[in-house]
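So the structure is just underneath, and the comments pick up after that.
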Amino acid sequence: MVKVGVNGFGRIGRLVTRAAFNSGKVDIVAINDPFIDLNYMVYMFQYDSTHGKFHGTVKAENGKLVINGKPITIFQERDPANIKWGDAGAEYVVESTGVFTTMEKAGAHLKGGAKRVIISAPSADAPMFVMGVNHEKYDNSLKIVSNASCTTNCLAPLAKVIHDHFGIVEGLMTTVHAITATQKTVDGPSGKLWRDGRGAAQNIIPASTGAAKAVGKVIPELNGKLTGMAFRVPTPNVSVVDLTCRLEKAAKYDDIKKVVKQASEGPLKGILGYTEDQVVSCDFNSDTHSSTFDAGAGIALNDHFVKLISWYDNEFGYSNRVVDLMAHMASKE
C-alpha cells in the first residue's frame with residue numbers, strides 16, 4: 001500500500017485522511033501544517049461540523065498524531081521544500097493547502113524525498129485526472145498531477161456518458177455551490193473579485209468557475225464546447241451541477257436516464273450514482289460518489305436540448321477520489 005503525506009490539514013486534507021482510513025486504500029504516514037499544532041490536529045480531526053465525529057480513536061502520543069492506533073509523523077514547515085517526507089516514509093504527497101497548485105510550487109515536495117505529488121485542486125499546468133473519465137491516461141513518467149476540482153469531478157463523468165452515447169454539440173454548466181473556506185462570513189475585502197467578499201450566509205453570489213472548461217482537458221473531444229459559472233449559496237456542504245446541452249443525436253429523456261443508470265451500475269459504479277428519489281442536498285452529505293444523477297430533476301425541451309442535474313458532496317466525494325487516484329497511480333509503479 002502506498003505511503004502518503006498530506007500537506008495542509010484543512011477541509012480536504014482532513015477528509016482525505018478520513019477517506020484513507022475508511023477505505024484502507026492508502027497509508028497516511030505524515031501530515032504537514034504550520035498553522036495547526038498537534039493537539040489542535042487531534043481536535044479538528046475528531047470533530048467535524050459537517051460530517052460528524054470521527055468513528056475511531058484519535059490522540060496525540062510521543063509527538064505524533066495517532067489515528068486508530070497508527071502513529072503519523074507531524075511536520076510544521078511553511079516552506080514545502082523543507083518538509084522531510086522521505087524521512088517519514090511518504091512516497092506520495094497530497095498538496096491540499098490550495099496554495100502550491102503549479103508544477104513549480106508543488107514540485108518543492110520532491111526535494112524532501114516525495115516521489116509524486118497529487119494536487120487536490122485544479123492546476124494551471126499540471127496534468128489533470130478525473131477518476132472514471134481519463135485516469136487510464138495516467139502513466140508513471142508523471143511526477144506531479146492534479147485531481148481537478150470537485151465540480152469537474154461531478155460534471156466530467158456525466159458529460160462523458162452523454163457525449164459517448166449522444167454527442168454533445170455544446171453546453172453550459174451552472175453549479176449551485178455550497179460555501180467554502182475562501183468566502184467571508186460577513187462582508188469583507190476580496191481582492192479583484194468583489195462579489196466573492198460578500199457575506200456567505202446572507203447571499204446568493206454569482207462566481208466564476210473553470211470546472212466546465214476543465215472538462216475539455218480531461219475529455220479532449222469536448223474542448224471548447226463547454227463553459228460555465230457558479231452560484232455560491234448559503235449551505236455548508238453539497239453542491240449540484242446543472243448541465244444544459246445540445247445533443248448531436250436525438251434522444252428522449254428516458255433514453256438519457258437509461259444510459260446514465262447503466263453507467264452507474266457498470267463502468268462508473270461508485271463514481272457516478274443514479275437516483276429517481278425525491279432528494280434534496282442534505283441527502284448527499286458524506287456521499288462518496290463524484291456525481292449522482294437526479295433523474296427526476298432534469299428536463300428536456302426537445303430531443304436535442306436538455307437540462308441534466310447531478311449532485312455531489314463537494315468535500316467528501318472529492319476527497320475519496322483523491323484517495324482513488326493515488327491508489328490507481330500506485331498500481332502503475
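Positions of Cβ are set from backbone N, Cα and C atoms, glycine also.
What Swiss-Prot records for the D-glyceraldehyde 3-phosphate site is S149, C150, T151, T180, T209, G210, and among R195, R198, R232 the residue it adds there is R232. For the NAD(+) site that Swiss-Prot gives as R11, I12, D33, S120, N314, the extra residue drawn from R78, R246 is R78.
Swiss-Prot tags one of the stretches 45-50, 171-176, 243-248 as motif '[IL]-x-C-x-x-[DE] motif', and that stretch is 243-248.
Look at the Cβ of each of the recorded positions R11, K64, K213, K258, K332 and count the other Cβ atoms within 10 Å; the largest number goes with R11.
Neighbour counts of Cβ atoms within 10 Å were compared across the binding-site residues T151, T180, T209; the minimum falls on T180.
Note: the CA-CA distance between K258 (N6,N6-dimethyllysine) and C150 (D-glyceraldehyde 3-phosphate binding site) rounds to 25 Å. Among the recorded positions listed here, namely K3, R11, D33, R78, R11 has its C-alpha nearest to that of T209 (D-glyceraldehyde 3-phosphate binding site). Taking the recorded positions K59, R78 in turn and counting surrounding C-beta atoms within 10 angstroms, the largest count is reached at K59.
Here the Cβ of N147 (deamidated asparagine) has 32 other Cβ atoms within 10 Å, regardless of which shown protein chain they belong to.
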